[in-house]
């Protein structure tokens with residue numbers, strides 16, 4: 001009989017890698033297998049230092065701009081990150097005669113296409129998103145300067161003065177859920193009744209699913225841990241959702257060693273989730289840290305099962321990626337399901 005205090009860890013599902021992030025990491029690993037190191041990657045492939053450092057150890061070299069690639073390595077492939085890039089970047093790659101692989105999330109690519117479609121129909125494009133985010137920079141860069149207006153807040157929406165209020169269409173940053181954009185959209189649609197919406201399939205399923213799972217698990221949680229990087233938009237938002245949905249405390253952490261166990265108040269239930277760019281191996285690490293201090297029971301708090309998969313670039317489909325290749329991020333896949341003891345189901349329902 002363990003002398004450790006009891007603790008329930010409520011493990012959210014879905015959590016962590018979405019299909020777009022998984023695909024982007026696979027593209028880098030497959031390129032390393034097929035073409036050997038170095039493989040250059042423009043910008044962080046996903047917003048997670050653990051993932052970036054793991055890929056660096058395997059031969060990936062990260063740059064912010066293409067002109068940072070040494071001339072003697074310009075015969076090596078370069079990968080564009082999952083966030084997408086402006087058209088000017090692929091044009092620059094062609095000028096340098098670079099062989100590039102585009103790891104842009106297919107859902108982000110759909111947003112790009114929708115923005116272009118709006119323009120072809122004579123509409124000015126409104127982009128709801130966060131200034132400076134790589135995805136926003138990439139989407140705005142699909143069209144010429146002045147063709148896209150960024151709206152970040154309800155106040156922006158209230159004060160926006162378009163050239164022609166009857167010829168507007170909107171798209172959104174994929175890491176914002178329908179709920180995140182609802183207030184801004186309400187204002188825009190009231191002011192501009194003919195505002196054209198994007199096609200339904202351009203909405204990111206993963207952002208909404210992770211927020212719904214956090215909402216469902218938050219009530220009754222003494223502590224809600226979200227695994228993610230400070231520069232991960234969707235991870236920071238999960239912390240806000242946990243706080244608003246009833247968790248006593250919510251914290252963003254990148255690794256288990258960031259948890260200050262000494263300062264934590266008495267714990268009975270800890271809920272655990274991860275942003276779309278956070279690897280499962282960190283979930284394993286955090287659970288192990290709690291097991292060293294508590295007699296842990298795992299509850300699976302699953303709201304939906306995700307089955308989406310995106311194909312990698314055509315050039316890489318002849319290369320085989322093994323589970324061992326992905327072990328540095330995937331850890332013990334489906335951690336709690338592999339446990340033969342101390343595992344229960346927590347019935348969840350997103351409000």
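Including glycine, each Cβ sits where the backbone N, Cα and C put it.
Here Swiss-Prot flags 135 as active site, proton donor, drawing on sequence analysis. What Swiss-Prot lists as [4Fe-4S] cluster binding site is 18, 105, 204, and the listing cites sequence analysis. The feature dimethylallyl diphosphate binding site is assigned by Swiss-Prot to 47, 83, 133, 232, 233, 234, 277. The isopentenyl diphosphate binding site annotation in Swiss-Prot covers 47, 83, 133, 232, 233, 234, 277. Annotation source Swiss-Prot lists (2E)-4-hydroxy-3-methylbut-2-enyl diphosphate binding site at 47, 83, 133, 174, 232, 233, 234, 277.
Sequence-ordered, the extra residues of this chain that approach the isopentenyl diphosphate site, with Cβ no more than 8 Å from the Cβ center of 47, 83, 133, 232, 233, 234, 277, are 46, 134, 135, 175, 229, 231, 235, 275, 276.
Comparing C-alpha positions, residue 234 (dimethylallyl diphosphate binding site) sits nearest to 174 among the binding-site residues 105, 174, 204. A 10 Å radius around the C-alpha of the residue listed as 'active site, proton donor' takes in these binding-site residues out of 47, 83, 204, in sequence order: 83.
Checking Cα-Cα distances from residue 174 ((2E)-4-hydroxy-3-methylbut-2-enyl diphosphate binding site) against the binding-site residues (47, 232, 277) with a 10 Å cut-off leaves nothing; none qualify. Neighbouring residues of the recorded [4Fe-4S] cluster site, listed in sequence order and excluding 18, 105, 204, comprise 19, 20, 21, 82, 107, 108, 174, 175, 205, 206, 207, 276 (Cβ within 8 Å of the Cβ centroid). Residue 204 ([4Fe-4S] cluster binding site) and residue 133 (dimethylallyl diphosphate binding site) have their C-alpha atoms 16 Å apart, to the nearest angstrom. The distance from the Cα of residue 18 ([4Fe-4S] cluster binding site) to the Cα of residue 277 (dimethylallyl diphosphate binding site) comes to 7 Å. For residue 135 (active site, proton donor), other Cβ atoms within 10 Å of its Cβ number 25. The binding-site residues listed here are 232, 277; among them, 277 has the most other Cβ atoms within 10 Å of its own Cβ. On the backbone, the CA of residue 47 (dimethylallyl diphosphate binding site) and the CA of residue 105 ([4Fe-4S] cluster binding site) stand 13 Å apart. Between residue 232 (dimethylallyl diphosphate binding site) and residue 105 ([4Fe-4S] cluster binding site), the C-alpha separation comes to 15 Å. Largest Cα to Cα distance within the recorded isopentenyl diphosphate binders 47, 83, 133, 232, 233, 234, 277: about 15 Å as a whole number.
Taking the binding-site residues 174, 233 in turn, the residue surrounded by the fewest other Cβ atoms inside 10 Å of its Cβ turns out to be 233. In this structure the alpha carbons, written CA, of residue 133 (dimethylallyl diphosphate binding site) and residue 105 ([4Fe-4S] cluster binding site) are 15 Å apart. Mapped onto three states, the DSSP output places residue 204 ([4Fe-4S] cluster binding site) in coil.
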